[in-house]
Every structure is written in structure tokens, then in C-alpha cells.
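Asks: Among the features that Swiss-Prot reports, compositional bias 'Low complexity' is placed at 335-347. Residues annotated as disulfide bond in Swiss-Prot: Cys107-Cys184. As annotated by Swiss-Prot, N-linked glycosylation site applies to Asn12, Asn197. Positions annotated as S-palmitoyl cysteine by Swiss-Prot: Cys320. Residues annotated as region 'Disordered' in Swiss-Prot: 326-347. According to Swiss-Prot, the topological domain 'Extracellular' annotation covers 1-33, 94-107, 171-199, 272-283, on the basis of a curator's inference. Marked as transmembrane segment by Swiss-Prot: 34-58, 71-93, 108-130, 150-170, 200-221, 250-271, 284-305.
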Amino acid sequence: TEGPDFYIPMVNTTGVVRSPYEYPQYYLVNPAAFAVLGAYMFFLIIIGFPINFLTLYVTLEHKKLRTPLNYILLNLAVADLFMVIGGFTTTMYSSMHGYFVLGRLGCNIEGFFATLGGMISLWSLAVLAIERWVVVCKPISNFRFGENHAIMGVSLTWVMALACTVPPLVGWSRYIPEGMQCACGIDYYTRAEGYNNESFVIYMFTFHFLFPMFIIFFCYGRLLCAVKEAAAAQQESETTQRAEREVTRMVILMVIGYLVCWLPYASVAWFIFTHKGSEFGPLFMAVPSFFAKSSSIYNPIIYICMNKQFRQCMITTLFCGKNPFEGQEEDSSTKTEASSASSVSPA
């Protein structure tokens with residue numbers, strides 16, 4: 001059922017469909033599902049906010065973390081905080097009431113900040129992939145990734161994110177409630193006159209999903225090849241073999257984390273876009289969005305907690321200046337040094 005500023009995934013044969021801005025949507029799913037959604041959002045908030053805020057705090061506390069590469073990692077934490085503060089809190093609040101209680105303006109604000117955080121995060125991963133490819137594979141001889149390059153990379157993530165999230169605010173597509181009608185996203189659902197949803201969705205999928213996904217797969221594919229070549233050149237070096245396994249594990253986790261977070265949501269959104277008029281339930285879009293929102297937890301775990309330097313500084317901060325695991329970290333220093341010498345360090 002299509003309204004002036006909403007789309008309900010239900011045929012209004014019984015006349016029960018109501019605006020998601022004004023009435024509870026308990027006719028869509030069991031009311032318990034809204035409680036589950038609220039609890040899930042609360043879980044993401046209590047986990048996502050502390051771990052991303054801790055990342056920012058630790059970086060400010062430890063000067064040695066203020067390196068060009070870590071600018072991009074820090075940008076990931078900022079993006080995740082946008083999602084937590086701007087998106088998860090409003091979704092949790094709306095789910096407690098069973099509908100989007102913040103109105104049309106609130107939908108624009110929530111949709112903008114949630115999408116902005118996701119786009120900044122996605123483009124940060126792409127920039128990080130480019131940085132790893134350039135540093136490890138050295139396609140440009142004598143190139144050194146410096147502060148100016150990092151600032152350019154971070155700026156690029158914001159420019160590309162805004163290029164995707166601002167148009168729906170000014171008339172090229174729009175933000176509407178989706179799934180269980182407690183969160184807002186891009187209008188994949190309608191051909192509403194005057195919004196040109198079709199052209200925007202094609203633009204968004206091409207330049208803000210497929211393109212960064214290609215960058216990530218290309219760069220990490222080349223990175224993996226470089227690690228294997230380095231190991232093949234030093235077959236007797238156990239430390240290099242360990243470095244290869246470490247990088248391989250990290251790359252696999254990066255790709256899996258990316259796909260788990262975004263591929264289900266993007267696939268369902270594209271299906272809805274290309275099959276307008278098909279019947280589907282509210283959970284058809286709500287469940288994939290759960291995976292996309294969980295990226296606020298995956299990102300710091302994969303990209304920061306697996307970084308030795310970040311991990312050491314976090315432990316030092318949490319234990320008030322002392323690292324109780326310092327002996328274990330020293331035992332792994334040989335591997336880290338050999339990894340760096342071979343230009344295959346994952347961190």
C-alpha cells in the first residue's frame with residue numbers, strides 16, 4: 001500500500017493499513033517482534049557506542065596512534081558512532097511505540113544520519129583497501145603513504161557519502177519508513193512522481209556499492225597475491241609463513257565482514273527495486289537491515305582490535321596505564337618485525 005510519504009508492504013484489502021507516522025503498525029507483525037527489534041537496537045548501542053568511543057579516546061590519548069593509516073581507522077569509528085547515535089537510538093525509540101513517532105522530519109534526519117554513517121564506513125573500507133594495496137604491493141615505486149594522503153582519503157569518504165545521502169533530502173529520491181516502519185531508508189519501493197527513484201537507486205548501487213566493492217576485492221586480491229609471493233621467495237622462513245597466515249586470516253575476515261553486513265541488505269533492496277508490485281512481508285527488509293546495522297560492531301573488531309598497536313594501547317588504557325599481557329605481546333614482536341620487513345604487515 002503506497003501513501004503520500006510511505007509504503008506499507010501489505011495490501012490494504014481489510015482497511016487496516018495506517019500511516020507509520022501516526023499509528024502503531026502491530027497489524028504488520030506480532031507486537032513481540034517490535035520488542036525484539038528494540039532489544040537488538042539496545043544491544044548494538046551498548047556494544048557499538050563504547051567500543052567506537054574507546055577507539056576515539058585511545059587515539060587521542062596515545063600520540064603514537066596518530067599515524068596516517070589510523071586516520072582512516074579513526075574515520076571508521078566516527079562513521080559507526082553516526083550510525084549508533086543518529087540511527088540506532090531513534091529506531092529503538094520508535095520500536096518501543098510500534099511506529100515511527102518522530103514524523104516526516106524525523107524520518108529524514110534518521111535516514112540521513114544512518115545512511116551517512118554506513119556510506120562513510122563503506123568508503124573508508126575502500127580507502128583502507130587502496131592504502132594496503134599501495135603500501136604492500138608497491139604499484140608505485142618509492143611511494144610513501146603520508147598524512148596528506150590520509151587526509152585526502154578521509155575527505156574522499158565524506159564527499160562520496162554526502163553525494164549519496166544529500167540528494168534524497170533535496171528531491172532526488174527520498175527517505176521513507178521501511179521494514180517494520182520503525183527505521184527509515186532510501187525509497188526502493190515506489191515510483192513516486194517527482195522523485196526519480198529509479199535513476200537514484202541505479203546511481204547509488206553503481207557508484208556507492210558495486211564500485212567500492214570492486215575496489216575492496218581488487219586491492220585485497222592483489223594483497224593476498226603479494227603475501228604469497230613473499231612467502232614463496234622465503235620458503236624456509238617460518239616467520240614469513242606466519243605473516244602470510246595472519247594477513248590471509250585478516251583479509252578473509254575483512255571480506256566476510258563486508259559481505260555479511262551489506263550484501264543481504266543490498267540484494268533485498270535491489271530485488272524490491274526490480275520487482276515492484278511483488279508481495280513481500282515487513283521482515284523481508286527488516287532482517288537484512290539487522291545485518292547492515294551490525295557493521296558498527298564488526299568494523300572496530302576486525303579493523304582495530306586485530307591491529308597490534310591499537311590493541312596494546314587499548315589494553316594500557318583499560319588497565320590504567322599497565323599492560324598485563326605485555327609478555328605475550330613481546331613474544332610476538334619477532335613475527336611483527338619480520339612481517340614489516342617483508343612488507344606484508346596487516347596492521
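Backbone N, Cα and C atoms are what each Cβ position is placed from, and that goes for glycine too.
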Asks: Give the distance between the Cα atoms of the residue listed as 'S-palmitoyl cysteine' and Cys107 (disulfide bond), rounded to the nearest whole Å.
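Replies: One finds 42 Å between the Cα atoms of these residues.
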Asks: Where Cys107 (disulfide bond) and Asn197 (N-linked glycosylation site) are concerned, what is their Cα separation in Å, rounded?
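Replies: Checking the Cα atoms of Cys107 (disulfide bond) and Asn197 (N-linked glycosylation site) gives a distance of 17 Å.
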Asks: For Asn12 (N-linked glycosylation site), what is the secondary structure state per DSSP, taken as helix, strand or coil?
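Replies: Asn12 (N-linked glycosylation site) sits in coil per DSSP, no helix or strand.
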Asks: So which of 34-58, 71-93, 108-130, 150-170, 200-221 is most in touch with the transmembrane segment (284-305), counting Cβ pairs under 8 Å?
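Replies: By Cβ pairs under 8 Å, 71-93 leads among 34-58, 71-93, 108-130, 150-170, 200-221.
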Asks: Roughly how many angstrom lie between the C-alpha atoms of Asn197 (N-linked glycosylation site) and Cys184 (disulfide bond)?
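Replies: About 15 Å separate the Cα atoms of these two residues.
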Asks: Counting Cβ pairs under 8 Å that sit 6 or more residues apart, are there three or more between the transmembrane segment (200-221) and the transmembrane segment (71-93)?
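Replies: No, the transmembrane segment (200-221) does not contact the transmembrane segment (71-93).
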Asks: Between the transmembrane segment (34-58) and the transmembrane segment (150-170), do 3 or more CB pairs sit under 8 angstroms, pairs being 6 or more residues apart?
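Replies: Per Cβ check, the transmembrane segment (150-170) does not touch the transmembrane segment (34-58).
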Asks: Round to the nearest Å and give the CA-to-CA distance linking Asn12 (N-linked glycosylation site) with Cys184 (disulfide bond).
Replies: 21
Asks: Which residue counts does DSSP give the topological domain 'Extracellular' (94-107) for helix, strand and coil?
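Replies: Within the topological domain 'Extracellular' (94-107) the tally stands at 9 helix, 0 strand, 5 coil.
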